[in-house]
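Listed in Swiss-Prot for this protein:
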- 3-120: domain 'MTTase N-terminal' (DOMAIN)
- 12, 49, 83: [4Fe-4S] cluster 1 binding site (BINDING)
- 143-375: domain 'Radical SAM core' (DOMAIN)
- 157, 161, 164: [4Fe-4S] cluster 2 binding site (BINDING)
- 378-441: domain 'TRAM' (DOMAIN)
């Protein structure tokens, strides 16, 4: 009987990616199979996030529930990973001595040996160090779980925004070698993946070492990923305005695999607040990037992150943010009230804003963005959209769920054999969080792929000079 593993994941897409790698690693090393039932599990892993308020208390509440299971089943192994583990490792060890393994985002590759060690030595076993990019060298071959996949291309952040814990919990920016990234994506493409989402805390800061000692830029990597057979869509998360350079914008002009949707966090529209946040750009500089992007790709839609109620934020500062939101015409946003993160400079900034004012500002911001998003959705009504079918609809298992380039979910009627394929649908209805469509054509009617024989390829590239000497270009 196989051993069972439960992984509970909180936080960003990087954490989702890390959790999938934990599952692959423990399956390859020890045969663990995933379960969603805590009572069945032999190993319980909590992959934590420290971005939001009360993250630590949330962790201890969950651990308390798992302690009850461990009291009944003493052999179960409890592990805590992620950013809270890095930030609060010693505190977890003191407050929850029943935890067996404590590991950080950069040491998850050691999980099999740490679990084994915890079963023979006195627990807990803890490793929350930052061993550069070593973890990727120790992970098994990636396993595709559908037509889309996340691929981490870099780790950490070197920006040190005053409100953010990421540099302290994931370390400074380190890029994976270019060949490693391309090989992982090629493996996923061989398993049927059609869309990849390149991940990093500042993904456009990617500077990947190449085998010849040169450095691969993010723009170069995007074009290389687009050239991998089978990969038809590329997304990336999350980018930073400071490194959103013209060479990246140029990729939008000549690489159709790169979707017409971008998440580019700005946090505030006030230059004064941006300075206090240690964000090295102004609102005008941000809008300049957007103008260049829309010149390169007129139909691109933009989402962003916003922090409301940052210490010292005045009504004028907030109105500057609202003006930026309307000027850029954001399609989507992730917006939150500022919550101080222990150990960050902003945690010590005085703030005299009432909670009521913060909530009112957040509501106004979210309503404005939601209104803009609904307008974009309504513009799609009666249009044909090419969508990637991800699986059964979450609302009706007899229907299919697909995703547009601009990141909207479309539910429509279709057969299960369309899962993993591109189809064209006509948008027939618009809802707050999804669209409804009718199937127009399937992939076999699209001519997405053209098969050319070697003879045809040579004939296509054959050139003769004036002497009749033939040459062939690759």
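Just so you know, glycine gets a Cβ as well, placed from its N, Cα and C.
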Seminar exercise, completed: Cβ proximity for residue 12 ([4Fe-4S] cluster 1 binding site), under 8 A, sequence spacing 6+, ordered by residue number, returns 49, 51, 238
Exercise. Using an 8 Å cut-off from the Cβ centroid of 12, 49, 83, can you name the remaining same-chain residues around the [4Fe-4S] cluster 1 site, in sequence order?
Worked result: 10, 11, 14, 15, 48, 50, 51, 82, 169
Exercise. List, in sequence order, the same-chain residues at least six positions removed whose CB sits under 8 Å from that of residue 83 ([4Fe-4S] cluster 1 binding site)?
Worked result: 11, 48, 49, 50, 51, 55, 104, 105, 165, 166, 169, 170
For this session: For the domain 'MTTase N-terminal' (3-120), provide the mean pLDDT of the predicted model.
Result: 90
Problem set entry | Output field, [4Fe-4S] cluster 2 shell: CB within 8 Å of site CB centroid, site 157, 161, 164 dropped | 159, 160, 163, 165, 166, 167, 201
Seminar exercise, completed: Counted with DSSP (H/G/I as helix, E/B as strand, rest coil), the domain 'MTTase N-terminal' (3-120) has 65 helix, 23 strand, 30 coil
For this session: Could you work out which of the binding-site residues (49, 157) has its C-beta surrounded by the smallest number of other C-beta atoms within 10 A?
Result: 49
Exercise. How many other Cβ atoms are found within 10 Å of the Cβ atom of residue 161 ([4Fe-4S] cluster 2 binding site), counting all protein chains shown?
Worked result: 21
